[in-house]
Amino acid sequence: MWVASCLASCCATCTCGLCTSVAAGISRRSARLAYCGLFALSLIISWILREVAAPLLEKIPWINTFTHAPPKEWFQTNAVLRVSLGNFLFFAIFALLMIRVKDQNDKRDSWHHGGWIVKIIIWALLIVLMFFLPNIVITIYETLSKFGSGFFLLVQVVILLDFTHTWNDAWVEKDEQKWYVALLSITVVCYLATYAFSGVLFMWFNPSGHDCGLNVFFIVMTMILAFVFAIVALHPQVNGSLLPASVISIYCAYLCYSGLSSEPRDYACNGLHNHAKQVSTGTLVLGMLTTVLSVVYSAVRAGSATTFISPPSSPNSGSRSPLLEAGDAESGKPEKKENEARPVSYSYMFFHLIFALASMYSAMLLTGWSDSISDSSELIDVGWTSVWVRICTEWATAALYLWTLVAPVVLPDREFY
């Protein structure tokens, strides 16, 4: 249960913030973190039910409809999927309700920021009601979750790209030598870590005496991609920087590791098979951490300048229209109108969509993409499905990053923010 404690401590800030905010009243800004609290709480509930709910589900007739009871792992997976479905429906319903909310005069704006007692009750009821659904509904949701999780991984890549570019621009704008030195130092450390870690992967996943061509291909591709990132970023026609290239490189190395460590424990080229339980648990913790960080960052980042989830009507969407009209500029202050609609600072629909997709992804992490049900409940996120999901995510990350570099060159007539 130490992993549960670890995840609980990582989510403590969000969940405690949720409880405090509900008791004291939630402001517009803290509402975003309150949603993070609900999501974090769902992760903790999923983990706990995965550990303890199997004997209870075996006694529920509309869940255990089998002549011969399936293994314990099936009930564990079923419990996680039901919690995930309830959480998904909560955020998906809000995403649909928030379509085309453009200004704060829209009554749906108050639905997004207020009514937290009612929302928590609805959230809890949805999760409870999921345990009254027939198994066929859960099976359909399980299939859909695999596609939704893949889309979330792409969103996670976009979030990482947004973070690295924001980080780089913030330090460059300071225009001081110490910040340039810091940029260079972090870049060098990240690249050294990428190649050193790749060397370690060769030792772990290319044991002597075995033909491990597939693993070698994955690792070599990771090293080549890191080199390509630097070459393209330094090209004189590309307005790139080495800091984002180095961060994306080490992230690709991590994805390569998480993919290789998810190989079945009986696969000869998995040099960590003797530590399968510890490795799968570690992969789960890292996966959960990146998921929580992604949704928290998207919540905090929402409303920041030029954020990727700002709607076109938002003042943060990168619009270049003047803030004051010509007459207002001459008088020195804008003309105020009664009941003037203030645009929302970010897309509520996309905000909730991220949480809905993250609910699917967390379920796939906890169930091993439903590829390890017949193996062992102690092995989480293990199987060839997990391997290829991670590797394809790495390649998609590389493709998206390279596109952000070359797009302004390939399409010079378009503006990129």
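Using N, Cα and C of the backbone, Cβ positions are placed for all residues, glycine too.
Look at TrEMBL and you will find 310-338 tagged as region 'Disordered'.
What TrEMBL records for 6-26 (among others) is transmembrane segment.
Sequence annotations record features per position, and here TrEMBL assigns transmembrane segment to 33-49 (among others).
Sequence annotations record features per position, and here TrEMBL assigns transmembrane segment to 79-99 (among others). Beyond the ends of the transmembrane segment (79-99), by six or more residues, the same chain brings 35, 38-39, 42, 45-46, 49-50, 53-54, 57, 108, 111-112, 122-123, 126-131, 133, 137-138, 141-142, 145, 148, 347-353, 355-356, 359-360, 362-363, 366-367 to within a C-beta distance below 8 angstroms of the stretch.
The transmembrane segment annotation in TrEMBL covers 120-141 (among others). Sequence-distant neighbours of the transmembrane segment (120-141) (same chain, 6+ residues past either end, Cβ-Cβ under 8 Å): 22, 38, 42, 45, 60, 62-63, 65, 78, 81-90.
What TrEMBL records for 147-167 (among others) is transmembrane segment.
Look at TrEMBL and you will find 179-204 (among others) tagged as transmembrane segment.
Long-range contacts of the transmembrane segment (216-234) within its own chain (CB-CB distance under 8 A, at least 6 residues past either end) are made by residues 191, 194-195, 198, 201-202, 205-206, 240-242, 244-246, 248-249, 252-253, 256, 259-260, 391, 394-395, 398, 401-402, 405-406. Residues or ranges marked as transmembrane segment in TrEMBL: 216-234 (among others).
For 241-260 (among others), the entry in TrEMBL reads transmembrane segment.
What TrEMBL records for 280-300 (among others) is transmembrane segment.
If you look up TrEMBL, you'll see 346-367 (among others) marked as transmembrane segment.
Residues or ranges marked as transmembrane segment in TrEMBL: 387-411 (among others).
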Short question: which residues 6 or more past the ends of the transmembrane segment (387-411) have a Cβ under 8 Å from it?
149-150, 153-154, 157-158, 160-161, 165, 218, 221-222, 225, 228-229, 232-233, 237-240, 244-245, 248, 251-252, 255-256, 258-260, 262-263, 369
